[in-house]
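Quick look at what TrEMBL lists:
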type	residues	note
DOMAIN	6-100	domain 'CS'
TRANSMEM	163-188	transmembrane segment
TRANSMEM	291-313	transmembrane segment
TRANSMEM	333-354	transmembrane segment
Amino acid sequence: MASSIDLHPPIHWGQTLNSVSLRIGLTDVKYPTVDINESSIKFQATGCSGSRGEQLYSFEIELFEKIDAKTSTYRINDREINVNLKKKKGDTNNAWPRLTKASAKLPWLKADFDKMAFSEDESDQEQKKPMFNNNFNDDMYKSLRQDPRKTKPKAFLDHRTNWLLFYNLFQFTAYLLVFSRLIFYFIARGHLRNAYRLVENPIKLCQSLAVLETIHPLIGFTKGDWTSPLIQFLGRNLILFVVINFNNEIKASPVVPCLFLVWSFVELFRYPYYGIRLLNKDNRIIAWLRYTLWIVLYPLGAFLEGLTIYKSLNYYQSKRYFSIDLPNAMNFSFNFVLFLQIYLVLLPLGLIHMMQHMWNQRKKTLIKKNK
């Protein structure tokens, strides 16, 4: 258990067959008191940790198993304090699943995998585990790997998972509706002219909800990058809600339904992939499609986006929508057509960014699984 003093130094602990090591992260240590007995260790000292100035730190830990206090040692250097606790001879084949006797997580205590007798790397895990007896199982190993700062209450995880499953299922269903309507329209009529009106509402709903894919990583609902979803969200919605929405001429063009077919076809594999991962399942076919089809579909989508903008330039030049001409009270001008032309020039750069991001994800997901 911890002492009554609130300030605890950061501690990293590891173990071998014969000993348990503690690395106490304090510098400029003064007046240290280290009391090691067979069932616990007490510590108190003045020192510095991180950005804090000189403070008094203290802790008391009741150990998971009894140790040989007589042969246990500690050493103080300029950067940290190293403690070496010797296991009793009868316990040298047993791995401790945690340092403390109680199972409660302490935010200032973490496992130091560099000083474990097993590796954090999965390839080494199978080789190192046999050094311990069968008491050291997969659950114990996972508990050591878990970072207590990243743990969240079970209720939070359940609500988060349920929400993300619902979101991915909803988006998949909506994009499937868009894709199916356009395909059936083409089969029935042999062309895609004027098909925009069939999918206008569902595609707008999908693209509006896509803002959540930027919010989710920011609030900790998902891991990873938020900038790539933001770039895609802004680009698609500029085209959908501005360029297409106010241009009645481009709505009748087959280019727009072709663009929506590409957008929806990409999402028909992206959202199922995320849903399967939320369920802790693995589907190699969905994963391969998710991280392979984009190689063709992303450049095709960018081409159709650029073509949509290019075909709209004359319309917005003549109508002057969203442009602000001088003179006006604000003494400010804005040329929307020039803005679209600049966007066309920058569009390949956005495509390169997205493709680099997806290629890195592909290497992590597909190439790692094949090794």
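Just so you know, glycine gets a Cβ as well, placed from its N, Cα and C.
Please treat TrEMBL annotations as automatic predictions, because they have not gone through curation.
Per-residue pLDDT, averaged over the domain 'CS' (6-100), rounds to 86. If you look at the transmembrane segment (163-188), the same-chain residues 6 or more away from its ends with a CB under 8 A from one of its CBs are 195, 198-199, 202-203, 205-206, 209-210, 212, 216, 221-222, 257, 260-261, 263-265, 267-268, 271-272, 274-275, 278-279.
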